[in-house]
Structures are given as structure tokens and as C-alpha cells.
Amino acid sequence: RHGAVKNEDTFKTSPFHFDLWFYFTLQNWVLDFGRPIAMIILPLEWFPLNKPSAGDYFHMAYNVITPFLLLKLIERSPKTLPRSMVYVSIIMFVMGASIHLVGDSVNHRLIFSGYQHHLSVRENPIIKNLKPETLIDSFELLYYYDEYLGHSMWYIPFFLILFIYFTGCFTPVEEDSRMPVPALLLMGPSSLYYWYLVTEGQIFILYIFTFFAMMALVMHQKRKGLVLDSNGLFLFYSFIITLVLIAVWVVWLWNDKILRKKYPGVIYIPEPWAFYTLHMNNLHAAKESL
């Protein structure tokens, strides 16, 4: 029966999935973080502005490979997990990532026309002078699909699947609660990617609620004499390091008045690409003028 936990697999342990975690981290860095970088550094003549960019093809590959890796991760869980919830989450993940593909493609192409990510849509010089003014509403709709709807349908299922998998990462055997050397080597790149995901995706609330849920589950299972296995430790410690990186990022940019204006809420976590268009673009322009 889907969703039921079998008695015979309750206390099975699973070795560290180095292959899956390695592929997961590699494709996250190349296909997600590398998308806008590939679009910027590759010659514009290869990918005209009215055609998909290299980053778009990276995004398409990400939308296919990531759901596959998530499904393989769920399959390797020592517990039988709720399949129906997993399948619905995967479907929503693909829908959200596909919506984001379109919005993100247009928004990043606008950089070549002078669009500045550290400003709101209506404050951008290339947008606020559009005629008729209803065109600005269309760009705000595009921004909504990209930054809000797309991100929500992409990241909520993503973190839900990770948490579902995490629920099966407990064992009564203390010897299984150790991370091998490959896990320690992957933890840095994995945590750094989650930092990018949370900051650029503006999903701190989703991330912190997931992390709190993981902490609560760890404490609850500890009362039963269960501890995290190597895969659970890898995921849990990666989230802890991510929180530290986010705190360092926020402290570093705490007094940035321009970014403060764009992110005026109680939770102040600037996007890396907003920082890039604000400071790094200016740095490049200054070098070129010398």
C-alpha cells in the first residue's frame, strides 16, 4: 500500500549514496548556478536575444535530470515513503521549474538591454519609460511568474521531497551514524549551492521551516533511540552550514542602502544577482573606462 511503512524495513540502513549526491551537486552547480553565467560569457552571436540562450538549454536539462535524481533518491530510502505525495511533488516541481524557465530567460536577457536586478521592475530605467504604460504591467506579470509563482511551485515540492526522504534516514545502530570521507568532501559544495538557492530564490522562510521540521524530527526520533544515518547527517549538516553562510551574507551586506531599499521587509536577504548587477557591473564598467 502506498504511503505505508513496512515493519520489515523500519530499521534498515542505507550506505552513503555518493553517486547520487555527487551527481546532484554537480548538476546543481552546472545546470542551475551555471545558467546565467553561461548566458553572459558565451558570445551573443551564438545565441541571439530573440532565441533561447545557452542558459535556457541548461535549464531544460535541469528540469529533466533533477526530477530523475530525486526519484532515484526516494527509491533508495530504507523506508517505504508516501509515493503519491512524491509523484505529485515531482509533477509540481517540473511545472514550477518550467514556468521559471520562461520568466528567467526573458529577465536575464534584459540584462543586455540595461536591466538592473537590484531595482524593482517599475524603477528600472529601461522599463519605466515604456509606452503605453500597460506594458509595465506585463513586465510585472512576467516578474511575478518568474520570482513568485515559478519559485513557489519549484522550491516547495523540492524541499518537501528532501524532507520526505529525510524521514527515512534514521537507524538504531550508532555505528551507522557516521559520515564517510566522500560525504565530508561533498558537504562544502552542497551547502554553498543551498546558500545560493535560498538567497537567489528568496525562499528563506521555506528553507528555515524545513530545517526546523528536520530538527524537530531528529529530537523526536532520538527519544526513540534512533539516530541519523550517513545520508541524513549529510543533508542535516549541509542545511546547518547553509544557515551559517546565509548569516554571513546578511551581515556583510547589512548596511547596503540600495539593496536595503529593494528588500525592505523584516527578512533582509539580498539576491546574489542583485548584488552582481549593483556592484560587479559597476566594477567592470570602471575597469573598462581606465
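The backbone N, Cα and C atoms fix where each Cβ goes, glycine too.
TrEMBL annotations: computationally assigned, not manually curated.
What TrEMBL says about this protein:
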TRANSMEM  20-42  transmembrane segment
TRANSMEM  57-74  transmembrane segment
TRANSMEM  86-103  transmembrane segment
TRANSMEM  154-173  transmembrane segment
TRANSMEM  203-220  transmembrane segment
TRANSMEM  232-254  transmembrane segment
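Listed as Cβ neighbours of the transmembrane segment (20-42) (distance under 8 Å, sequence separation of 6 or more from its ends, same chain) are residues 53-56, 58-59, 61-62, 65-66, 69, 72-73, 76, 104, 108-109, 111, 182-183, 186, 189-190, 193, 196-197, 231, 234, 273.
Between the transmembrane segment (57-74) and the stretches 154-173, 203-220, 232-254, it is 154-173 that has the most C-beta pairs under 8 angstroms.
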